[in-house]
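Features reported for this protein in Swiss-Prot:
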- 1-6: topological domain 'Periplasmic' (TOPO_DOM)
- 7-27: transmembrane segment (TRANSMEM)
- 28-342: topological domain 'Cytoplasmic' (TOPO_DOM)
- 33-57: region 'Disordered' (REGION)
- 47-57: compositional bias 'Basic and acidic residues' (COMPBIAS)
Amino acid sequence: MEDLQLVLFILGAIAIVAVLVHGFWSIRRQQPKSLKDSPMGNFYKQQADKESPPKRVDADGFDADGIGAVRVRKVGESNPHETPPISPYLKQDVKAEPKPLFKHTTSTEIKQEPVPQPDFSLQSPLATEQQRGAKVSRQEPVLNGHVPPLGQSHAAMVAQKALEQEKHAQSTTVPTQTALFDEDAYLENTESEDEYAEETVDEGLDEPRDVLVLHVVAKEGQQLNGAELLPCFLTLNFKYGDMNIFHRHVDNAGNGKVLFSIANMLKPGVFDPDNMEQFSTQGVVFFMTLPCYGDALMNFSIMLNSARQLADDIDAVVLDGQRQPWGEFTKQDYLHRIRANA
């Protein structure tokens, strides 16, 4: 029994050793061999050397293609025989200038004599000399020292005075020109034109016979603020103009004839657009004269709608000319007055 166990142990050890040897041999066989270790490497190298012809090299060490042997040089080492490369910018700058095809041998200068200009002046020679003397004698004032700043109104007054003095000096130095037309005839023509214009204006529109008035007043215990009134006026296409009040024109841009206007209900009845933020009033007045330009009924309808819109925007009340609440009876009365003056 002991002999059988010994035999089995020996056979198992032999089998294990055989398996290990076979594994190492398989791994060794699967690894690729390098070209140096291969016996055929030297053979192929020798064949290549035999087939390739020897390269012909000249005295300087360059072959037929101009390729020389590889040289290893240190960094920073310079060759004294090499020529420095030319910058492309220098190549662009150095260009041969084209020679002119035609060479001018002689040059002729043409001198143009000034042409005397005729004297179209209306003044006599004596007056011209006097005017030149006045211009030469006139000198510009020189301001020395520090000048304190002036206010806008004061500066405007000073500029106006200076302009008047200059005009007066020119009028005294420049003599009277010779008249080329009949002054009396010209004055007669201008007077006749003015009379004709006045007649056409009078014929186009008669004197006002009636005035339609609407009041927009604040509620009891309140006032209308100017900061709120100004944007409302501009929204309703009113434009600040004559008599320092706002007007509604035929054109919404503020051009053409005036249809109706807005004034302050309190005396003096004017507005100051520059100080509307500090302005307050009890109410404003819409008024339209009869007869008016265009359709009177249409103009009154626009004025009534503008008054109602303004009252809605600023929380106010619309009253008639007698400061009574606006109603249907008052509306019929205004329409009757419009038809009577149409």
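These residue numbers are counts, starting from 1, taken along the chain as shown.
Yeah, the Cβs are placed from backbone N, Cα and C, and that goes for glycine too.
On a predicted model such as this, the values are computed, not experimentally measured, just so you know.
Predicted-model confidence for the topological domain 'Cytoplasmic' (28-342) is 71, expressed as mean pLDDT. Helix, strand and coil counts from DSSP across the topological domain 'Periplasmic' (1-6) read 5 helix, 0 strand, 1 coil.
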